[in-house]
């Protein structure tokens with residue numbers, strides 16, 4: 001039986017070896033590149049695979065159609081996932097006739113999700129285990145094939161329990177894999193009523209609350225002991241980490257967080273005292289408790305505290321889905337420039353946000369909104385403001401993939417809106433200037449202009465009507481269920497990181513990127529229907545400032561409002577945009593590295609976009625709502641925007657590529 005394996009960590013190594021020992025043919029292994037910021041104390045699946053002579057890959061997005069096609073060419077009979085960190089798309093799961101199976105580090109249906117090893121210790125469980133289950137679209141929700149229980153001893157910490165689970169996993173796989181190889185794969189459904197879900201743990205989750213019971217604090221120490229980041233507290237501004245501890249039942253009447261004694265080092269909790277056996281001050285070395293007390297300058301009666309607060313208010317948590325996109329990455333930068341915002345983000349890639357990945361107030365998970373529904377629901381509940389920015393928003397895709405546009409832009413986003421309703425969270429939703437369609441007004445008014453689209457046989461309008469329908473649903477939820485919302489409608493925002501030249505090469509980019517690609521490659525600039533269509537181009541900096549003010553929502557003035565964000569003064573036809581771009585290109589210092597200008601070429605829209613396309617003559621916003629609600633006025637001239645956008649793309653072109 002031929003297998004394709006997705007694996008990482010020690011469990012991944014155990015799984016690969018067990019599959020080989022059971023006599024399977026492994027066609028390929030998919031793993032992850034190690035993160036330099038992570039403590040990689042565990043075994044390397046890639047080194048194991050290379051040593052065994054098995055092809056091994058570590059794609060950024062294994063769910064990309066290119067990788068799906070490559071896996072299909074391998075023709076696997078069965079798929080295994082052993083601690084692979086990303087969910088697999090349904091397209092991949094359906095490639096193996098015998099099914100796809102995941103090894104999870106808990107006794108399902110309990111502790112679905114991330115970091116079950118740590119969570120069972122945090123919660124003081126006495127038993128856990130490993131489960132092999134069928135993979136379905138929802139994480140850890142498929143039918144159970146086999147499981148093995150593991151007792152948790154009182155002196156177990158994260159690393160010792162990790163070793164126990166690896167041993168149990170190997171035993172489980174050794175017993176079940178030969179049976180599965182013969183085609184006998186019995187499974188039983190999980191009981192949904194018993195399901196629990198836990199999210200990813202972060203280093204900052206190790207902060208100790210001394211007002212908790214001593215058993216809770218001790219369990220936290222066990223759960224994140226080395227090589228995990230550790231449980232920590234503060235003496236003044238000095239951070240220290242506790243690596244091992246024991247419970248003392250008597251707090252001697254001391255207040256929580258008070259140092260009872262320094263030799264041994266004991267700290268009062270809500271109902272007892274924690275004895276600190278070993279610990280570490282700052283980035284120093286690990287020492288025993290009494291030496292730690294001496295290093296920190298602790299005396300009996302001292303009070304430990306939480307980290308020094310930058311302000312009395314909790315930071316506002318903003319959830320951005322599609323955080324790696326054009327708007328998402330620029331908005332993240334604006335929010336992180338303010339001390340009182342924390343950003344949680346998801347996207348299928350991280351190239352545009354790589355500059356934020358180590359920022360302490362930026363929390364990113366690579367994932368797909370159509371797959372990671374439980375993560376999304378958890379973070380909608382956790383955050384204060386939600387921005388669902390994921391959408392297919394390039395015209396050629398409207399005619400090429402109308403059903404996919406509807407599924408993503410409407411159906412997936414509707415689910416997120418319903419989470420916002422359920423947990424009573426404020427949503428800032430990206431409508432679009434496209435909802436106005438072929439409106440005949442000189443400028444489009446959010447509250448008065450008619451929304452006019454073409455006939456059903458023009459799939460070009462699928463994006464417009466998907467967004468419009470969601471606008472109406474959100475409005476109805478506001479009226480009937482009290483949903484707090486603001487709809488914003490961007491008008492042709494431009495700037496650095498708009499999209500990519502590779503996207504332009506397959507026709508799936510914004511207009512200016514396509515024009516820049518023509519200049520870079522020395523191909524004619526294509527003017528669709530002569531390029532007479534007029535748009536109002538808005539600098540990303542102006543747009544993001546307006547969006548930031550919507551999030552701030554001073555005096556709640558944005559609640560229940562629809563706000564156009566565009567620059568009426570920057571109106572130009574596509575032909576005028578192309579001419580301005582060409583002028584800037586000819587003056588650019590890198591101009592000599594690129595081919596000669598190949599001229600303009602007039603192209604009929606039907607031949608470029610397909611028969612389902614229909615264009616709009618003009619699109620100009622009224623920005624009265626933005627002025628009134630935000631005190632906002634765009635200020636950046638179109639030429640400045642064009643020059644900055646062009647400069648970004650030209651400098652992104654590889655030197656060798658320029659020369660060719």
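The backbone N, Cα and C atoms fix where each Cβ goes, glycine too.
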Given that Swiss-Prot assigns 368, 369 to the NAD(+) site, pick the one from 347, 384 that the record assigns to that site as well.
347
Candidate from 114, 170 that Swiss-Prot assigns to the same (6R)-10-formyltetrahydrofolate site as 136, 137, 138, 139, 140
114
Within 10 Å of each Cβ, count the other Cβ atoms, then let me know which of the binding-site residues 136, 139, 393 comes out lowest.
136
If we check Cα distances from residue 532 (UDP-alpha-D-glucuronate binding site), which of the recorded positions 114, 136, 347, 369, 619 wins as closest?
619
Reduce the DSSP letter at residue 102 (site 'Transition state stabilizer') to three states and note it down.
strand
Find the longest CA to CA distance in the recorded NAD(+)-binding set 347, 368, 369; express it in Å as a whole number.
8
Taking Cα atoms as reference points, rank the recorded positions 104, 114, 137, 138, 139 by distance from residue 526 (UDP-alpha-D-glucuronate binding site) and give the first.
137
Need the DSSP three-state call for residue 368 (NAD(+) binding site) to compare against my parser.
coil
For the recorded positions listed (104, 138, 526), most other Cβ atoms within 10 Å of the Cβ sits at 104
Relative to the Cβ position of residue 433 (UDP-alpha-D-glucuronate binding site), how many further Cβ atoms are located within 10 Å?
24
